[in-house]
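Written below as structure tokens is the structure these notes are about.
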Amino acid sequence: MKYILVTGGVISGIGKGIIASSIGTILKSCGLRVTAIKIDPYINIDAGTFSPYEHGEVFVLNDGGEVDLDLGNYERFLDINLYKDNNITTGKIYQHVINKERRGDYLGKTVQVVPHITDAVQEWVMNQAMVPVDGHKEEPQICVIELGGTIGDIEGMPFVEAFRQFQFKAKRENFCNIHVSLVPQPSATGEQKTKPTQNSVRALRGLGLSPDLIVCRSSTPIEMAVKEKISMFCHVNPEQVICIHDVSSTYRVPVLLEEQGIIKYFKERLDLPIGDSASSLLSKWRNMADRYERLQKTCSIALVGKYTKLRDCYASVFKALEHSALAINHKLNLMYIDSIDLEQTTEVEDPVKFHEAWQKLCKADGVLVPGGFGIRGTLGKLQAISWARSRKIPFLGVCLGMQLAVIEFARNCLNLKDADSTEFEPNARVPVVIDMPEHNPGNLGGTMRLGIRRTVFKTENSILRKLYGDVPFIEERHRHRYEVNPSLISQLEQKDLSFVGQDVDGERMEIIELANHPYFVGVQFHPEFSSRPMKPSPPYLGLLLAATGNLNAYLLQGCKLSSSDRYSDASDDSFSEPRLAELEIS
């Protein structure tokens, strides 16, 4: 087993996750089996109870693990399925050690950070690195480990010490440290500054780790003189200094790394059984990056949510939309709309903000209402849903978005004006959305319906079933506490709101579709968590196809993109327009 540790310096949020994912992608393209581990030094057990504004979105894994959004990057880049134990937190490690102490496993010894916490970290990493993640039973050959935060943070000290010890346990030919640092370029001088990187590497070396590669993040490509200066002061060769400047798309990052000789370096440094160049997999990434930069036609989607001030709150949603847009040769224009800005109270308090929000919504080719919690902003979401339904604008509701779509339909089409969710009104007169029986209201952590679940299609005449390849059932990831009230299903279906997907017991409603509408779909699950750059999520792909007017033609040709539409160089035209012109649009 080979271990690649990715650390960061100067500031957080400079792209360690993308760089770690890109390194894994390059090594996978060389034919190696790769897994990934993310270490978060916070004391929380997991990310499940985080505010989205605190740490971005909560990414859900197949096994129900609620983890850091960087694990989503690993899954998307590497096309693997990770487990909750691939996300290590300080809380998990301390809980593990304390439980062992309570059981008497330490035989009465004084339990300390060194050696007990550091040993627990090393043991966890070694055990989890051996778990297959790509659908095969063979163990991974490479484990990419990202240490969150920055070097010098007090929270991360036990982990740095653990890896200082671990590098000798694993031996030099099996352990490599990549340090990601910022090279700022003040606008006043325009000069690229190396001092922050020098200080960061000095701090890392002072803690017992020496970087094998220094990845410099910068706004523009770093100059050779700057590279040589970093090499001289940081005790590495110039070829060990890698530049990753700001690019238009993250698809370009693996290509930049490969162009700077990283494959040859890893082959020699870790004694890997690979050639000097990558396979066709990396060529596809290069094609995607080239194609993304040449896209000309645009599709505008309005994302109506309550956490729009921080884009990371909807990171997977954005990626799923981007994957789908790229698959049909369109550039995504995602317009974030705070749902509160659509409400009447905002019209009174801030008319300019109110009208700007509605102008965005009216310009959109499609509307998306993602998941969320709480009553704040729900009126604005309901108004956006009503707008999309009544004006036949393509719409996708995810989790809470589906629940609100059912509430809006009940109020305006069934005239059930008191229709509501017990999440917002516990004593609702018409409880359209209700609490699930297994939910324990005592604790918030780990009390939801989480992880991958099977959804069975109840009819063959379903748009979403066709988009999924006309399969009888699908498996997608869930994260919710509430569900549509089964006692109201017959009333809703009489008005053409069909519940085309249910759970295996037929008790929980999973998918809705509205008849006589271009695309009005709601899903209780979160399909964005399973979207991949080369395998877009079907519900999101359907939204983009409908928003560009190509859904019917796509369904007529058997839900297949032509060869010129999937990650090729032919990006001047939109989705298969010559072929679409020959098809009769129903």
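Cβ atoms are placed via backbone N, Cα and C, with glycine included.
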Of the ranges 81-103, 564-586, the one Swiss-Prot annotates as region 'Disordered' is 564-586
Using a 10 Å radius on the Cβ of Cys399 (active site, for GATase activity), the other Cβ atoms enclosed count 21
Same chain, |i - j| six or more, Cβ under 8 Å of His526 (active site, for GATase activity); the result in sequence order is Val60, Ser316, Gly371, Val398, Cys399, Glu476, Arg477, His478, Arg479
Within 10 angstroms of the C-beta of Glu528 (active site, for GATase activity), the count of other C-beta atoms across all shown chains comes to 28
Over the domain 'Glutamine amidotransferase type-1' (300-554) the mean pLDDT stands at 91
